[in-house]
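Heads up, the thing below is written out as structure tokens.
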Amino acid sequence: MLQMAGQCSQNEYFDSLLHACIPCQLRCSSNTPPLTCQRYCNASVTNSVKGTNAILWTCLGLSLIISLAVFVLMFLLRKINSEPLKDEFKNTGSGLLGMANIDLEKSRTGDEIILPRGLEYTVEECTCEDCIKSKPKVDSDHCFPLPAMEEGATILVTTKTNDYCKSLPAALSATEIEKSISAR
């Protein structure tokens, strides 16, 4: 048997169970390789770690370069796309201002102010005096409390609404009808 162990090559060991020379790479993954294979296994582990480190550093470097290139490319494309839009905005902006000035000059002669469309908008407002002057309807539900827009404002809105409704003659007649019905 010793003669057979001596006949195995440098990267092989003699397996006494099989009575044959077996490559050391098969036993390097185990915790305890044979004594004749320890030098081979230590060298192969070191080489594989060096290879793994080289691959990791290469992938890290490539991903860093690619991400930097994509960032620069996006920045340049945004800059190029925004320049024509600025030129168009300057051209259309001066045209709109000219139209607005012409419309304002025309409207100064009349009673109404007509603003150019797209520049501003107006909202019609109804004041309390306008609502009181208008003919009140008994069946309308505008005397109910309005929804509060902010937290904690419910009491304020309800109080103002009740005060407003008490001042309307139609609301007073509606509440008198409700009182007379409930008194029966």
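In case you wondered, yes, glycine gets a Cβ from its N, Cα and C as well.
The record in Swiss-Prot lists a disulphide bond between C24 and one of C21, C37, namely C37.
Within the set C8, C41, Swiss-Prot assigns C41 as the partner of C28, by disulphide bond. The Cβ of C8 (disulfide bond) lies under 8 Å from the Cβ of F14, C21, T36, each of which sits 6+ residues away along the same chain.
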